[in-house]
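Features reported for this protein in TrEMBL:
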BINDING   D:Ser64, D:Asn114, D:Glu155, D:Asn162, D:Tyr186, D:Tyr238, D:Val256  substrate binding site
4 protein chains.
Amino acid sequence: MRSPILDYLDEIIEKTAEVTGGAPADYIPELAAADPDRVAIAMCTVSGTVYAVGDAEDLFTIQSMSKPFAYGLAIEQRGLDEVLEHVGVEPSGDAFNELSLDPENGRPLNPMINAGAITTHSLMCTTDPVDRLLTLIGAMVERPVEVDEKVAASEQSEASRNLGLAYLLDAQGVLASPPQDAVSGYIRQCSTSVTVRDLALMAATLANGGVQPNTGERVLGRRTTRQVLSVMASCGMYDAAGDWFTAVGIPAKSGVAGGIIGVLPGQVGLAVFSPRLDAHGNSARGVKMMELLSEDMDLHLMDPGRPARTAVRARHTRRIGEEDATVLVLEGDLELSTIEMIVDGLVSDPPSTRQVVFDLSRVDEVRDVARRTSSNMTTKLLDEGYEVVVVDPDEVLSGFKDSRGREVTWWTPEQLADASS
Amino acid sequence: MRSPILDYLDEIIEKTAEVTGGAPADYIPELAAADPDRVAIAMCTVSGTVYAVGDAEDLFTIQSMSKPFAYGLAIEQRGLDEVLEHVGVEPSGDAFNELSLDPENGRPLNPMINAGAITTHSLMCTTDPVDRLLTLIGAMVERPVEVDEKVAASEQSEASRNLGLAYLLDAQGVLASPPQDAVSGYIRQCSTSVTVRDLALMAATLANGGVQPNTGERVLGRRTTRQVLSVMASCGMYDAAGDWFTAVGIPAKSGVAGGIIGVLPGQVGLAVFSPRLDAHGNSARGVKMMELLSEDMDLHLMDPGRPARTAVRARHTRRIGEEDATVLVLEGDLELSTIEMIVDGLVSDPPSTRQVVFDLSRVDEVRDVARRTSSNMTTKLLDEGYEVVVVDPDEVLSGFKDSRGREVTWWTPEQLADASS
Amino acid sequence: MRSPILDYLDEIIEKTAEVTGGAPADYIPELAAADPDRVAIAMCTVSGTVYAVGDAEDLFTIQSMSKPFAYGLAIEQRGLDEVLEHVGVEPSGDAFNELSLDPENGRPLNPMINAGAITTHSLMCTTDPVDRLLTLIGAMVERPVEVDEKVAASEQSEASRNLGLAYLLDAQGVLASPPQDAVSGYIRQCSTSVTVRDLALMAATLANGGVQPNTGERVLGRRTTRQVLSVMASCGMYDAAGDWFTAVGIPAKSGVAGGIIGVLPGQVGLAVFSPRLDAHGNSARGVKMMELLSEDMDLHLMDPGRPARTAVRARHTRRIGEEDATVLVLEGDLELSTIEMIVDGLVSDPPSTRQVVFDLSRVDEVRDVARRTSSNMTTKLLDEGYEVVVVDPDEVLSGFKDSRGREVTWWTPEQLADASS
Amino acid sequence: MRSPILDYLDEIIEKTAEVTGGAPADYIPELAAADPDRVAIAMCTVSGTVYAVGDAEDLFTIQSMSKPFAYGLAIEQRGLDEVLEHVGVEPSGDAFNELSLDPENGRPLNPMINAGAITTHSLMCTTDPVDRLLTLIGAMVERPVEVDEKVAASEQSEASRNLGLAYLLDAQGVLASPPQDAVSGYIRQCSTSVTVRDLALMAATLANGGVQPNTGERVLGRRTTRQVLSVMASCGMYDAAGDWFTAVGIPAKSGVAGGIIGVLPGQVGLAVFSPRLDAHGNSARGVKMMELLSEDMDLHLMDPGRPARTAVRARHTRRIGEEDATVLVLEGDLELSTIEMIVDGLVSDPPSTRQVVFDLSRVDEVRDVARRTSSNMTTKLLDEGYEVVVVDPDEVLSGFKDSRGREVTWWTPEQLADASS
């Protein structure tokens, strides 16, 4: 049985068939020669399932979509602070191939424009930076990836603009390697050969906080990944950051070979491919496909999701052993909004029994904010003379103490059942 | 018993006590005269509970924090398309009081800079635009709000820069009212008198998709709210949009009287207040407080949240009546990532029984993407000869049919319990 | 008998008849209504003769050609230093109606763009600045001039752009009067009604160092006039200062009603008129006429003129009274290049007689540099024992002494004739 | 006997001794090492006499003062039109080492900024451009000049900024040679070793319309020279073109080694030298020296010179042979302003005799405008029945005919004397 999700992605390809405007990038001879009618979509969830339709096995060059990953690698190598000394995080209203230095400190405005990406490339590491990046990408896509040396050679022959940027960056003192090396390395980086399937896995790795969904390998730090996604959100789509963000609402990056990746943190990675470019240098059909995907699948980050519900499934008073106890049955994730509700209920309507039982059997995860707030709440309850009992069969709260280090009482579900029977 | 959340907010105030740099806005005499040592924080969840500490009842002028709400009102009045013809959505690298027109079409770049906000003001409506906005804000904060006429008069006496922008906008043909009216109205808009408590309720209304959390009144459309938040995310914090977004990670807006609001869609609205401004014109201590709040409470939008878990609590084969049936017990929200897992399981491991029962008793909400995908999945199951049974006591899937309009079988939980007993 | 100069100017009109592109300024209704086929040329020498052909008596508004004269008046009123504190002298690459403030000090870049001209207007004087300027222009054109109130009213109705600039200038603190007053005054200044004949006289007054050629009245100081012409040279022609200067080579200023004035210092003032404007806002045919006039009449300031010749008409040794004397017969103007030659001759070939006679009968004028150098030369001659005799019937060197205050011998031409006979 | 002009130049050095601010260029190691206290002035008239004081024989590198001469050579090689396709003539408000491309056509704004100068260098000629320029300069300074290879090597090691510009220019398609070649050639061009005496001769050659004053060799075309001077006037002094032009009033160019040249067309070339630079990169003391020289010697181009006088020395009626004749004794140069006066006199007060005699014995030169106007005037006189007699012993009007090709009567001075005796 074919997944209806694949059917849906097929539909997107059909619906955008009429978007035939634009032309493949013409400044790189090898790209100009590519078949402009190819089209593909891939989606990968944070649990690692890939859905891919169209020319999903066609290889094309990653181009500027390499920038977020090179940025991630540079941060891992140098630390965020050092990278920020060389490249800013401000959106640029200029074209992607403008110098766009920050007037205050002479750094390129962000790592998504060429000047910033060349600088980032030079920061990746001292030797074999491209090999290092290929290794990183390979770990994300679960296969070895290679540079398309024909495309690289073709770009190298038209490299004056990037060389110009690189020498100016060197004059500015922000480049960490010789200009000629930085540019030839950067061009090879951009010539990494990938499929939409690969790109969807790469995007999903970002969506998953830097952990490859299938192998479970952490390939980028959680903070690094957050930084990469933040910069994609504010600076990723050339010349049209605001427009893209209001319309599509997820961090994204395009490449002049026709690819676009998009990331919904915590949920999915997306990749589309169609070589004809619009005036901004983004895949024309690719943009349209991303808009439909975002719209249909409620991906927009500024969408509120459902009105929050209580995480307290039930609160009742029950006879437990010799005395009455107040039992709160909690469920779902305990995060800011849910823990707030629990605490609010306890504060506004204090339990009338000595024992207060928190049943966490149905709780999936406890975020830091919830654990901290629970500690504080527990302190208040203990101070007022309550006994706090926790039922936590899945150990989502293991090691929990109150904010002064005092222990609570731990029961198994069976103990709770026995006690209250 | 005092809520530990209040204790936590008190801590934030203490921790930022050393941030004493900056000075109140000096170009508006009335603001310059304000007590610079006041400080307050308020937080309001999408369920409407407000936590407020510090000088939380002190009134101050809303200033630029009025811009998102005026933008929302203008969209409601004119429709998004007409508003976009007058004001863009692109971030500006310039200072907030620069003209910053889009070179291609002469519109102000976005509604968060003064030029765009004056234009937005002129679009709110033809008569009494300020009254209209006060009514909107009043509905959000559950009390009537007023213009601080002393501050308004003070600003009016120093209005040359805004008048200059307004006349240039008028020359450009983007202003919908006479320049003098637009500026005097805009100044009164900015002089609306609010507390951090008010601001937190306003932010929470945005976080809640435009519905006031306590009254349940829809004061802004869901799409309108999404547009407002998108623009706050990409253009809200002056001169430092990228920086803010990487560091704090939530849409926000500051005002020169010292307030800052922040919104985590679907979760909370935040407001802080401290009159001393940094070089960008943002509250210096306010920025620090927001950074700590975001960090402590995991608010960053680019954080992936927990690795997604299956929404399938259980899948078992059970004797039901005469034959075996496959029962899937679902839970939580059905959205893109969860429905994908359900479908993926059915596709990769098709049920071996004729009957397939979906138990939605523990499901909270079904998003559009999930409903649509379920329809398609159902079609496939029906086509293969399965019988699809839905148990939906809370009617989260009411009216559900397959993608060709075919009915499924509906059972109550009792029917399921009886059948399988 | 008609002057051949008039015939020549007629020729220019004929030769440019094919320049019919462009259109009259359309943003001022009254200007748009003007007959676009009118054409006129006038030329006025520094001796005051006016040659005018075509529609030379047609009145039109002076528009931006008023800027240099308003600048001159402001300098006379406030002093150059104070004016420079408000308006710079740097060329601007921007359009004439851009704000174009100097990023370092917030002043408008120069007085020829609108922002600088509005500022200049506000500096002219505290009361009745327009009347004052009309009086100045009247003194130049030898008739009372008036504001065309219909055009002024028409421009006042479309004044948003200039009001925008004025309010921004006020916010910047560079404006010396209220923005509304500055703009309405500036618009009336620009609506002064003139003919090409008037304009040629005005230009000739500048060419003549600020002295009206016919009346002999000094209407602008010599230094003021030099400043005005310098700014016209570097900033006068919108958007194309370099181009104009290389092609035409004289300071000039155009107005949107179709006029252009040009000034060759020390020689002539020129004015042309044709209402159709090119893309830069200059009269299209007017530019062509100016190019031909410059080319035909050798007006380009960077043309070297003829290789300089000696100012020494003759140097001979002659019996005068009892002894031989060296007689130098000088002629023409004594300026840097000529005095240098005289001195060079004396230094390299010192007189062999005790008496050295300088016959200045044919000398027209002695510039400061020549007087000073002569003083120094005389000191050297006296120190070496020579007697210096000066024959100066026209008193071009009256009061001359050597650099230590020593007297020379003065002879009349008759004494020289008698002595040498 | 020492020339008082030398004394005067010594005075300038003394008067500016207190200008000790600034520092030698520090970005080129060899320049930073130079003795900052050296100072020199040289002046050369269009007749070739050089006055030089101070360290006038010290060699230093020409740097940016080479730009006007390279521009002249490029125009001679390629023609002005082709050069203008590559480099514009618009002043730039940016620093000299900015790219400053014209947004409309992508050309560098002018040949005096580095981007324009590198482009100009590439246009000089296909092989050995530096040798070619050295030959040109050698012809101007009457000695072979050489590149200071130590300085060139020093600059080559810090060439990133210029290489950056060159690659970007190449990407733009305006460079006529490979970027690395253009920059290394440009650096050698700038390292040409000269003295102030050399520079004064070079400036004087420009002042003399392209003819070396002493050898009489035409080294640059007259039109080329005019173009070079025009661009020096509008774009020559970095960052301060308007300021310089209002203050000093002559075309000029500075170099970072501390030299400045200035040219007063038709009169003199000036050169000063002092290595300490101001914030604009111009010699601080050099600027002061140029200001004093301009002020003292009346060099400002916008100074009107003397009010023009009549070129008609005398007009009288005299008995010549059988009848009365009108005799006009002319003198000086016949140019626009003088011929106008002659013609004006004849038109307004037509001769009452049949014969009209023009005595040109005292006339120095007849410019084109005067010859053409005279032809037209003669036609009118002949048409009215006058006989036109010309006395022209120096043949300043040789070959003269009226505008229809009719001959006039030619007399020798003796014939005139005989006839009228």
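Note that the numbers count up from 1, one per residue, in the order the chain is shown.
Glycine is no exception: its Cβ is also placed from the backbone N, Cα and C atoms.
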State the count of C-beta atoms found within 10 angstroms of the C-beta of D:Glu155 (substrate binding site), not counting that atom itself.
26
Proximity to chain B among binding-site residues D:Ser64, D:Asn114, D:Glu155, D:Asn162, D:Val256, where any Cβ pair is under 8 Å
none
What is the number of other Cβ atoms found within 10 Å of the Cβ of D:Val256 (substrate binding site)?
24
Need the DSSP three-state call for D:Val256 (substrate binding site) to compare against my parser.
coil
Please state whether DSSP places D:Asn114 (substrate binding site) in a helix, a strand or coil.
helix
Are there any residues in the same chain, six or more apart in sequence, whose C-beta is under 8 angstroms from the C-beta of D:Tyr186 (substrate binding site), and if so which?
D:Ala117, D:Ile118, D:His121, D:Asn162
